[in-house]
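Remarks on the structure that follows.
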Number of protein chains: 2
Amino acid sequence: MLSGAEVTGVLRSKGFKATPQRLAIYDALSHTTAHPNADMLYRELVPHYPTMSLATVYKTLDILCTVGLAQELNVGEESFRYDANVESHPHVRCLSCGRVDDVPVLNDTSLLSQAAVSTGYEITGRQIYLYGICPACSEKRKKKLH
Amino acid sequence: MLSGAEVTGVLRSKGFKATPQRLAIYDALSHTTAHPNADMLYRELVPHYPTMSLATVYKTLDILCTVGLAQELNVGEESFRYDANVESHPHVRCLSCGRVDDVPVLNDTSLLSQAAVSTGYEITGRQIYLYGICPACSEKRKKKLH
DNA sequence: CTTAGTGCAAAGCTTTTGCAATCCC
DNA sequence: GGGATTGCAAAAGCTTTGCACTAAG
């Protein structure tokens, strides 16, 4: 999680202006673990930034991904989600409530090299998505059964 | 890849009718390695089934996934892709030409159990997407440099 | 025959774009 | 001041839905 000054520096170094909207969007994204999509971020920010527009959120998320301050997730939903943690790490989505959580790093170091050999691709990135039932939903189901 | 009779059996056993459109869509999907999206399938089928509609393709793909005859992929594009191979296997997409290929099974057996322990989720499924440059695009790039 | 399915067109969603007003630097 | 950015509204692309007609079983 970078400070406002650091984010400003990264944006400017890549030729982008550091606007209040962009800083606010990065700030919101870096302070949540909910892996929000554009609309979730918009609704969280509007109360504090009444003139914020959804289009600006989309444009900013695009820029944040471009400059390496965020990554885009595709958890199998209609919309993209975003994560300010740009390290490659697996994500897990609850098929019951839809929440998305991080999965601590797993030792999949050999994955890329194995895939490169078997497919002939130059592998440059990866995304691992797991699906299941989160502890809270699991608990709810058990209670229902009693 | 199942025969028409087998597909008919699966559909009926789950309470769905086996229409010519559904069999044709499964047949097309099971005979390609392109991991097509709904529109790609539609354009492939229309010449042979002039009355085929895109809406039917969407509805059928939904049913095929429901009855376990196909799986939906989310490779980071605007649209969903589909695969008649329902075994869990990684996919790789070329960032240059967009093609999507299968990756032969990698030994990630410990992945699910590791994730279950660290997150508390009951893990039921996984998707692994890799990104890179396919051999053909890689070759093109080299030629350009000469 | 009865009920599910097809196909068309319209609607719904997410995301992108055009453009005048505004703000950053 | 000049050029990038915002924010609105409209457009675009993928997917779903309503409904009359048709076909499967």
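Glycine is treated like the rest: Cβ placed from N, Cα and C.
Database features, via TrEMBL:
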BINDING   A:CYS94, A:CYS97, A:CYS134, A:CYS137  Zn(2+) binding site
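Contacting chain B by the Cβ rule (under 8 Å between Cβ atoms), the binding-site residues A:CYS94, A:CYS97, A:CYS137 reduce to A:CYS94. Fewest other C-beta atoms within 10 angstroms, among the binding-site residues A:CYS94, A:CYS97, A:CYS134, A:CYS137, are seen around A:CYS97.
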